[in-house]
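Read through the structure below, which is laid out as structure tokens, and then see the notes.
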Amino acid sequence: MPSPTHLLNNFESSSSQGPPSYCLICCEVADGHHFGAAACRACAAFFRRTVQLNKVHDCPKNGQCFILSNVRNMCRACRYEKCLEVGMQRSSVQQKRDQLGRRDGLPTNREEPVLDTMRRAYEKLLVVRKKVHNRQENQLPRAISFNELQVVYQNEMTVIYQFLCEAFPEYSELLPDTKRSLFKNFFLPFTLLESSYYGYLTKQENVMLIPSGDYVDLAHLESYFNNNHHTFSQKDTISMFAQQFRMLHTSITVPLSAENVDVNEFLALAAIILWESDLEVEADRKNVQEEAVKIKSAIIKDLLFHYQSINVYADVAMRLGAVLSILPSIQRASHRFHEYMEIKNLLNLYALPKNLYDMFSPTS
């Protein structure tokens, strides 16, 4: 079974023609056509920033530098010249940015689009997860138990918090109570969204993929409940949990699959979930709401720019609407999931530890 890291690293464009094999600039694996040439995401972002900021780079070797993905500190001047040589068009960058409008109001400490920052932070999250969950190279996924799942998600609290700080400088600058409130409202929906996203990518209907790289075997839940600390029969317990997982599949995995959501759209959904949540911290509410409007607006512009770059959808506004329409399903599934947790706690039926239960409980 593919791991989340493997899936992200090998993620393919949803274009019917498929992405070109190699970036014409640095020979890295390409993820599509950008500004008129086959390119990887890094080279496309480099070209876009250079054009948008009118940067001028100097070459210390008179234009004789090697431009390869494994070369550290690639010469920017030679990299830019190679972008032009392989067919990238400056006019394509300016035209698309003009169509989307200016980014007035974004925090001045941002040097790149929000989605680019998020994707870098998410790639780092996948690397950190391997260490946090003691994942060895080429380690095969396995079915885990309820007790093991608790440990995974307790460790995930730190991993996801670090991801938010990396992805959003604005989040790092918030008051501690405000950060905690946003995090609590984000943790459960993001956990469900991410698990469903990888379930859709791997087309696995009888497993629930978890961040450690392992999974819950939904076809054999008796192995998931491997202790006797419950008041119901195992049959009743399995029935309740099976209903919970079916709800998750129907509410989130099916819509993600139906729309063939890509990694940029997945991250955009996660960002909007974070910045749409209500706050219990009244003192900071107005400032956060103003910042949230700016960030969500930037996310929408980034998505539209992404659609225009990959040139797959005839109507990008309709595509955007279809993706955003998944958000209510995620929130409903989160509320239902929390209701299940409350019932299990009341019945002392595989109840979560208090710190994990609190983190899975929204503040609003």
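The backbone N, Cα and C atoms fix where each Cβ goes, glycine too.
The shown structure was predicted, so the numbers you read here are calculated from the model rather than taken from an experiment.
Listed in Swiss-Prot for this protein:
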DNA_BIND  20-95  DNA-binding region
ZN_FING   23-43  zinc finger
ZN_FING   59-83  zinc finger
DOMAIN    110-363  domain 'NR LBD'
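Packing against the zinc finger (23-43) from elsewhere in the chain are residues 11-13, 15, 67-69, 74, 79, 82-83, 86-89, 92-93, 119, 309-311: each is 6 or more residues past its ends and has a CB under 8 Å from a CB in it. If you take every residue in the zinc finger (23-43) and average the pLDDT, you get 81.
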